[in-house]
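First up is the structure itself, then whatever we jot down about it.
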Amino acid sequence: MAMSDETMTGGASGSAKAAPVPKGRAAAAGGKSTLGQAVFVILLLGALALPFIFKNFTIFQMTMLMVYAIAILGLNLLTGINGQFSLGHGAFYAVGAYTAAIMMENLGIGYVWTLPVAGILCFVVGFLFGLPALRLEGIYLALATFALAVATPQFLKLTPFEHWTGGVQGIVIIKPDAPFGLDAVLNADQWLYFFTLAVGLFLYWLARNLVRSRTGRALMAIRDNPIAARSMGVNTSVYKATAFGISAMFTGIAGCLGAIVIQFVAPDSFTFALSVAILVGLVIGGVGWLPGALLGAAFIVFIPNVAEEISKGLAGAFYGFFLIAVIYLAPQGAGGLLRALVAKLGR
Amino acid sequence: MFNRRSLMMAAASAFVLTAAGPAAAQDAIKIGNTMPYSGPASAYGQIGRTIEAYFNKLNAEGGVAGRQIEFITYDDAYSPPKAVEQTRRLIEQDEVDVLFQNLGTPSNTAIQKYVNAKKVPHLFLATGAAKWNMPDKFPMTTGWQPSYQTEGAIYAKWIQENVENPKIAILWQNDDFGKDYLIGMKEALGEAADSLIVAEAPYEVAQPTVDSEVLSLKASGANVFFIVATPKFAAQAIKKSHEIGWEAERFLSNVSVSVGAVLKPAGFEASKGVISAAYLKEATDPQWADDPAMAEWRAFMDEYYPDGDQASSFTVFGYGVAKTMEHVLEQAGEGADAQAILEAATSMDHVENPMLLPGITMTTGPTDFAPIEAMQLQRFNGETWELFGEIIHAESS
């Protein structure tokens, strides 16, 4: 996976400047981060204002958009940064969702506490799954994770676990109200929106710092050239399994939030289609470009509805058409398209 | 770029919908629905299309109780999270008056609490679970078709009256569908259940075959074999019980009565004599060839849903349930609000429906939200199903 990556170095655009290479790079990166910061602040202000402008339904949709964005972010850390494939992230999403449901409804624990538990649990599950999967490369790993995605709904239906999982019936969750007297100002939908936004921002910050850290560089080195990375002293197996764990953790937390927002979990909610949706979101948003998660999530939340609006009978065909169109017009996803635009404007 | 454009399209279409809302609301009644038009259960989408076609017919003929019907139906892909999203869109954005025929047990479970909190009638759901008949807890939600519990009770009644010294063995799918049958049968047998049911064998959907279960059930010495199974396992059970020469009276759950998908693979000879229950007229059954109601249905299909499959039970089902809604809207009268429609839907007194078998009617009341609670038995004669005996009632109230 030799993919040019903005978060990695500042990108190809830096080399166009005449100044000495290190300085030019720094300047380009600096200029970009100012632009990036401006965009970020505008987006954040928009996100903060949104729940007071739109109807509850739109707030709910945007909350789900953020939930999927977190899940995609998790997959991006694995695929975009570390170069490993997964067709099974729906499984981690399901584990996170069931953690929330079981803790809230069976054990009566507050929803806030379900997030760290789901995160840790999914990290462990992901790490353990990542260890044997180390022997598998590329398409074989994709198949192994595919098996995980297909098996998960069946495990959730199994009788021995039924006392906890509710079997086919699933578990209905009671929607939490805003705490600390905020419920006078915010309704449950608005509160969950802000809660998800806060968690999402925190996780994004975490992901960004991870990518920029020593660990992040090691992960990318493994992606770009595993042999070179190993010869430089990077313990590839530990890093790869850790990447799987962290990725699963992000997606698990997304599942946890998703369950609270949807107020229901059942095996049918976490079919293979969910894993595919997360993968589609990743590719549309841009593999390796973290903010792309938002655009990818927007695609998987809105495009099926737009396709259905155009034609009920051919909704699937139109969805496929949109997908192909995006891949054709922006082969590196929204991230690649934006980079190309910025490069063009900068010239 | 593409994302922005599609977002704008979504926003624009939302605008169109909301803008059209107030003008149309004057005289149109808005009925919302979700169906799996895509995904693993998309065959059920035919039900939604039939309903849409029927409402188009009603609108073309001047509407019901002086009003046009605006039927808004969305795809939920049989995914509960998608069903929640689409239902919220229907209620909060499209502001529908009632929900009608939402399909699937998981999807309806996911939205039931929300819909009841919003006080939007949630009428005539397309699922066989028994839990839609809980007026105390969920006063907005009603079922339509006979529940699996009702069907289980109907077999129990017939067995008690017609089989001498019955000893019942039950093969059942280990999920809510199988359990509902068990509950219905045991409740109908009452105190005798423990002595009459001599063996029970659950199976998991993940199992490759149910052959060993059938063998162990036969060993119990039962003379009644009740097969609560989805098509693949039903075919195995019918075949195996025939192979081992088990001469029991065999009963088959209604979900697996398909001749093509179950009885043919099991073998017509092996399937001979199997008993099941029905409540709708079968589109391909020669005895309805001259039935005026079925002729009307065919004429409707030809004109308003020409692509529809006239051999499918889903199009018969959709037509029947749409007719039920028409009746409810007529009863609710001109200018009826959601509450009036709910009241009409929950106070049906032996209402007839052209798609139901003669003698089966729909009744609801303040404590009974299950409209159809009677079925007639049918026996497979080696070629087709043949109805026999009286209509068997298992009314809960």
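Glycine is treated like the rest: Cβ placed from N, Cα and C.
Note that TrEMBL annotation is computational and uncurated.
Note that this is a predicted model, so its numbers are computed, not measured.
Annotation source TrEMBL lists transmembrane segment at A:35-53 (among others).
Listed by sequence, the residues of this chain that lie at least six past the ends of the transmembrane segment (A:59-78) yet keep a Cβ under 8 A from its Cβ atoms are 47, 50-51, 84, 86, 89, 92-93, 189-190, 192-193, 196-197, 199-200, 203-204, 207, 210-211, 219, 243-244, 246-255, 257-258, 261-262, 277-279, 281-282, 285, 287-290, 292-294, 296-298, 300-301. The transmembrane segment annotation in TrEMBL covers A:59-78 (among others).
Listed as Cβ neighbours of the transmembrane segment (A:85-104) (distance under 8 Å, sequence separation of 6 or more from its ends, same chain) are residues 71, 74-75, 78-79, 110-111, 113-115, 117-119, 121-122, 125-126, 138-139, 141-149, 151-153, 156, 164-165, 170-171, 173-174, 244, 247-248, 251-260, 265, 269-279. Marked as transmembrane segment by TrEMBL: A:85-104 (among others).
For the transmembrane segment (A:110-131), the list of distant contacts is 92, 95-96, 99-100, 103-104, 145, 148, 176, 199, 237, 240-249, 251-253, 255-257, 260: same-chain residues at least six beyond its ends, Cβ to Cβ under 8 Å. Per TrEMBL, transmembrane segment is recorded for A:110-131 (among others).
If you look up TrEMBL, you'll see A:138-156 (among others) marked as transmembrane segment. Proximity of distant same-chain residues to the transmembrane segment (A:138-156), defined by a Cβ-Cβ separation under 8 Å and at least 6 residues beyond the stretch ends, is recorded for 84-91, 94-95, 98, 129, 165, 266-268, 270-272, 274-275.
Beyond its flanks by at least six residues, the transmembrane segment (A:190-207) meets 44, 47-48, 50-52, 56, 59-60, 62-63, 66-67, 69-70, 73, 76-77, 115, 175-179, 182-183, 250, 253, 257, 260-261, 290 of its own chain at Cβ-Cβ distances under 8 Å. Sequence annotations record features per position, and here TrEMBL assigns transmembrane segment to A:190-207 (among others).
Same-chain neighbours of the transmembrane segment (A:241-266): 60, 63-64, 66-68, 70-71, 73-75, 77-78, 81-82, 84, 86, 89, 92-101, 104, 111, 114-115, 118-127, 129-131, 133-134, 156, 166, 168-176, 192, 195-196, 199, 203, 207, 210, 215, 219, 278, counting only residues six or more beyond its ends whose CB sits under 8 Å from a CB of the stretch. For A:241-266 (among others), the entry in TrEMBL reads transmembrane segment.
Annotation source TrEMBL lists transmembrane segment at A:272-302 (among others).
According to TrEMBL, the transmembrane segment annotation covers A:314-331 (among others). Long-range contacts of the transmembrane segment (A:314-331) within the same chain: residues 280, 283-284, 299, 303-304, 306-308, 337, each at least 6 residues beyond the stretch ends and with a Cβ under 8 Å from a Cβ of the stretch.
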Same-chain residues near the transmembrane segment (A:35-53), Cβ under 8 Å, at least 6 residues beyond its ends = 59, 62, 186, 189-190, 193-194, 197, 201, 342
